[in-house]
Amino acid sequence: MSAVGGNPVPLPAKRRGAQLLMLAFAVGIVMLAYANVGLALDDQIPAGMLGYGLGLGGLMLAAYLVLAKFAPWADPLILPLVTLVNGIGLVMIYRIQEGGEDLASASTQLFWTGAGIVMFTVTLIVLRDHRALQRMTYTAGFVGLALLIAPLLPFIGEERNGARIWINLGFSSLQPGEFTKLALVVFFAGYLVAKRDVLALAGRRLLFIDLPRARDLGPVLITWAVSLGVLILQKDLGSSLLLFGTFIAMLYIATQRTSWVLIGILLFVGGAILAGLAFSHVQDRFEVYLNPEDPALYERTYGSSFQLMQGLFAMASGGILGTGLGQGHPETIPLSFSDFIFTAAGEELGLTGLMALLLVYALIVERGLRTAIAARDPFSKLLAGGLSFILAWQIFIIVGGVTNLIPLTGLVTPFMSQGGSALLANWILIALLVRMSDAARRPPPQAIQDEGLTQVFQR
Amino acid sequence: MSELTLLLIRLAFLAVLWFFVIAAVSVIRTDLFGPRTATAPARKAAKAAARPTVKPKKGEPRQMVVTGGPLQGTIINLTETPITIGRANDATLVLSDDYASSRHARLFPQDGQWIVEDLGSTNGTYLDRSKVTRPTPVPLGVPIRIGKTVIELRK
């Protein structure tokens, strides 16, 4: 480095080759799974295998090409990992559909996967610099709240399975809550970048905890009230827990103060007790959580533990190595294609397969958090941290729910469960992570010639 | 389809699934153990030689590490390009610190050394304990303080 224009500094590797290889590997695994289902069900390779595999492979190749063109420094692992879970989800839905479940439809899910990849590429192409989102902090907050209350409006709102979280667009229905979480994470990130100093520094110390000032509690209390509102008005336990938990985690990332986590947990426990006293369906869930094997709870008509127990039975019959794809009985689990897809996968792939799936999810989250660490400005750090956390938190809530680790709340398993809105929203989330990892890993611009005191800036 | 074939397919599928996970981990191995470059042995030797004498001067810094403040943990690889630090959006390291100026300081390489220069900031740049008043060479491992942020150069 003695003279400018000497040996060029080795640039960090882009790892595009590794990415393409892993992507092909992921598509290969999905095709193998598909063939396995066909062999087990009808003794033959399914007829649509070639078209199906080529379809998924073509979609992923398109996503890869867009990524290589518009985000060349992006993390090499995120896309292949997401491809694998999305593909395994598709195979499970196909398998459940073949098993005689009318509501499961693999072709619809494949269509939505395609739409998700279109959203992924559009996000990457349109959003060249994610810091543009910082300028839209309050717009994002407003959009998030509007999407949150949209299902409550007359005419367009719809109630299904006891939760009012749908809007009817005429040609199809949408779950705006899935997009709410993206908008709100953008809002939280922008808001906390602006306000974190006052939240982190003001206050006094009591015992081992730095207590914040009473007036700084405002944002926490407002988020708490909003998530309680979601719970009360939409009867949607999962989303309420998801939003509040994410806000607390981002507050902690921004301020590094344990007191916020403690306050958050206290508020959550308070809210949960209030909700438990006020609403019978919350009480039902809690009773089921404590004693799922109680015959009275198993057989009651409303809010029974039937679904949870069927899921647990399924995972038990899968054991360590599983029954094999296409050889289990997912038709015995209600909603096995959406909320309970993880137990259906658990029966057929066993503990071994579930652990691999969870590790794939963990790796996606790890890549996201890694992006947050490498990011060079606070907004990107908070946004990447928040998006990775919301993904991890959602997986924890639903997997913990179906395995009876925590009370069951209805949330989709990201990328696996059947559902268009969730797929679209999660692919946009992945596009944002990819965009940020591109910005974080991109080396600073190289001097073109001996420029002396002139500097090359990166915008 | 016979039971045995299905059993074999099942085990093969699980093995392939785990192989995928292991392959994914090996792709990001560099995160855990650092990059493996062709010059690795030479670098290791240099490091071994440098270790007994903690005082720097030997070898050139390769990374700028943020060791304190809100951006703690950020690593910027040093190339031949100067690094600018400040609140401006086009700075290499963007601070969100009320005590930092929009163009606070810059670091640039000169004759094998990295020099820190204060760009007329309001609250000053500190190299270890002393205020930087003119371009000063930065030894390895000596903290540079800008507002609440602390950075240092490492190999």
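Cβ atoms here come from the backbone N, Cα and C positions, even for glycine.
Under the heading transmembrane segment, TrEMBL lists A:20-41, A:47-66, A:78-97, A:109-127, A:139-157, A:177-194, A:238-254, A:261-282, A:340-361, A:382-403, A:415-434.
Note on the transmembrane segment (A:177-194): residues 133-134, 136-138, 140-141, 143-144, 147-148, 151, 165, 219, 234, 236, 239, 242-243, 246-247, 250-251, 254-255, 378-379, 382-383, 386-387, 390, 412, 421-422, 424-426, 428-429, 432 of its chain, located 6 or more positions outside it, place their CB under 8 angstroms from a CB of the stretch. Highest Cβ contact count with the transmembrane segment (A:238-254) among the listed stretches A:20-41, A:78-97, A:109-127, A:340-361, A:382-403 falls to A:382-403 (criterion: pairs under 8 Å). For the transmembrane segment (A:78-97), the partner stretch with the highest count of Cβ pairs under 8 angstroms, out of A:139-157, A:340-361, A:382-403, is A:340-361.
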